[in-house]
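Lifted from TrEMBL, the feature list:
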- 1-10: compositional bias 'Polar residues' (COMPBIAS)
- 16-28: compositional bias 'Basic residues' (COMPBIAS)
- 29-43: compositional bias 'Pro residues' (COMPBIAS)
- 763-856: domain 'DYW' (DOMAIN)
- 1-44: region 'Disordered' (REGION)
- 140-174: repeat 'PPR' (REPEAT)
- 241-275: repeat 'PPR' (REPEAT)
- 276-310: repeat 'PPR' (REPEAT)
- 377-411: repeat 'PPR' (REPEAT)
- 412-446: repeat 'PPR' (REPEAT)
- 447-481: repeat 'PPR' (REPEAT)
- 548-582: repeat 'PPR' (REPEAT)
Amino acid sequence: MAAQAISLSLPTPPTHHNHHHAPPHHAKPPPPSLQHSRAPPPHLLKVSSLSESLRGVDSFRDGRLLVSLLRQCADLLHGNQDAECISVVRRLAPQLHSLAVRAGRARDPHVACALVDLLARLGRGSSSRRLLEEAADGKDAVLWNKHVAMLAEAEEWREAIAVFAEMQARGVSADGYACARALHACGRAGALREGKAVHAHAAKAGHVAAHPLVPGFLAGMYAENADVAAATRVLETTDAAAVAWNAVLACCARLGLVDDALELAERMVRSGPEPSLATWNTVLSGCSRHGHDMEAFGVVRRMMKQGLLPDSSTMSSLLKSVANLGQLAHGMEAHGFFLRHRLEPDVYTGTAFVDMYAKCGRLDCAQKVFNALDLRNMTTWNSLVSGYANAGQFDNALKLVEEMKMNRLDPDITTWNGLITGYSMNGRSSQAALLLRQIKAIGLAPNVVSWTSLISGSCHNGEYEDSFYFFNEMQKDDVQPSVVTMSVLLRACAGLALLKKGKEMHCFVLRRAYDHDMVVRTALIDMYSKAGSLTSAKRIFESIQKNNLVSCNAMLTGLAVHGQGREAMALFHDMCNSGLKPDSITFTALLTACRSMELITEGWEYFDSMESRYGVTPTVENYACMVDLLSRCGYLDEAMDFINKSPFKSAASLWGALLTGCTVHGNLALAEAAARKLFKLEPYNSANYLQMVSLYEHEQMFDEAESLKYAMKARTLNTRPGWSWIQIEQSIHVFEVEGKPHPDTAEIYEELIRLVFQIRKAGYVPDTSCIAYNVPEEEKEKLLLSHTEKLAITYGLIHSDASRVPIRVIKNTRMCNDCHEVAKHISAICDRQIILRDADKFHHFTSGKCSCNDCW
């Protein structure tokens, strides 16, 4: 877009100088007699007449006069700010109350209700409630209905429900207004069972059809309790007004039930009241807030098809979705539409454009829009500061902070949080932590966003231990974590495969009642899957009444890495039958599951159906999964042909999958072709060199292996040493190939040799082909004993007494054939379950068998 196309000028209203109406400088003030002759305001005259009416009425018994006086006093307080009037009414209220008592009218329902209204408007809620409780000890319906309505209007939801239940128990009939207010209370309190009881009473009394407020509040009650189907039935069967439809739709959008909100809007188009601009804006806002960003574009198209022109609210929500997706082209298209239709700009749309361009990586455009704005608020400045910080342009971000100060704007905590996020996400956690301490020194208190940004950045960069360190510091600072904080920490547990730490975080989540949040539940599924407890992951997944695509994808991925291919496919078909539309992540998990069980026919079927049946364009990850599946199953020529025909033939992930398959099946010629391609695409990835070194050594081509090792040294490539670790109690024990030996090495080898002696009797034969060194066979068998996973498993057997507790080992490289056979035999002779996660997948060894069926 050209520079003039992205400028967003906010016009300032012209200043009119009307000199004709200005008072002349020589005008004299009115004489003193005229200054004080102004008549008193009407409301003061009314108060005076009320005061006069109280004189000499001790003997009258007419309740209608009392009700009239009380209502007039209450009306005087409605929207009135006159201090003198309020003072007079405050003096009158106790006199009227006393008069009602002396006249024997205090328990008269109409007098009591009018008095309650007056006390409530005077801010004496406790007195008014006490009066109602005293007056409503019988069966007078007026007082009971008033009591329910008053509690609901005061947002005392549970109390309103309790009073409504009590009046039903006493046989007092509720009117339509009380039913409506009780339904409102049931919705806001999440009391679905009580709400259904109120619904039954209202239907029996005929209020659902007769009272104008009941249908809307009834539908709202079901929507607040996430029973959208029931809410929709109420709307369609009661001929509810548009305001009721919009209220239910807004509730769905607020609760994150965006699919239901979209369906409800379409129902309005087909059979309900016509959706307004406010209706579509509500749906659009729900899309942008709850991650349904692709659907946002469809909402705008549907809205414009109806002939409604977007306003600033529409544009703000749409641009937020554009920013979430990083769809710069769509954002620029929206900007062009905004300018072509000369929509009235304001500070909110201006800020939305700045934020969108910044998040889409076009900081030059964001700066131009920012410079063109006549009106900017703190959010506008903070959006640009955050954009520069996230892009790693810290000099520009700090320069902008200084400009804020020059414009007499003090940077707030949001400003500093943007910088903290930028530092931490760009791998500068130490600078982020220093900035956090600095803002504390200037008197600003870091909030939960500040700490969560620091924790999230550490996790994003794989610095999982730092995430837990900052979490401890956050707790010392007495800042309570949010659901976002907990989901990030659970992701850190998953990254380290720390099951015990993950369980601690789960308990933390339960204590704070965060376990009902969908993001946290999905993080728990992911954590338990990656930490090796698939049973726990399944239990959480099955406890969710209505899973969404993200939670299904997390469960699918967990089943795939644990080798549960058939279960993954069954879950995929269940989610499709439930109406969920799969995405590319779904198919990545599904194809991984097929690879784990070498289901090549099923893999081809799923890949071919992605675009034709489900409308999902395959990504580079999906192509890499197919290459991996073909290669692992030995179809190496087909895999090579598949790469050459794919749109991602220059993607390193595809050639890397082919090289791994060639290494597994010993196809040296094809491996060399894949390696040559990878050395060009990823010249500094040591893993590719190491795979070829291993293959050359396996083929006894030691000169070629040494040549590659020399090339690695020339390029100063750091090789990743192999390691395995196991957690015993609260301690993690690491076994490294080139690291410091474990303190209990002698004891471990003694026990391992004993175990090998036992499993030899059961038929175990060492697979020395895993040792590529040119040494005698006897020496190769000794080298096999030093493999880190064997040492970790043995240490777990020595130091864990509970036979029912699985031994869990984490390894950073692929498990060799010999270690796989040893683990199977040990699981049988020791009657212990062994769960080992290597670089490729999980292996569950039980009773001499592995979950991978020897395919990995």
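Placement of Cβ uses the backbone N, Cα and C atoms for every residue, glycine included.
Long-range contacts of the repeat 'PPR' (276-310) within the same chain, counting only residues at least 6 positions beyond its ends with a Cβ under 8 Å from a Cβ of the stretch, are 242, 245-246, 249-250, 252-254, 256, 258-259, 261-262, 265, 268-269, 317-318, 320-322, 324-325, 330, 337, 341, 343, 550.
Per-class residue totals from DSSP over the repeat 'PPR' (241-275), listed helix then strand then coil: 27 helix, 0 strand, 8 coil.
This prediction places the mean pLDDT of the repeat 'PPR' (276-310) at 89. In terms of DSSP secondary structure, the domain 'DYW' (763-856) contains 37 helix, 16 strand, 41 coil. According to DSSP, the secondary structure content of the repeat 'PPR' (548-582) in residues is 26 helix, 0 strand, 9 coil. Each residue of the repeat 'PPR' (447-481) gets a DSSP state, and the totals for helix, strand and coil are 26 helix, 0 strand, 9 coil.
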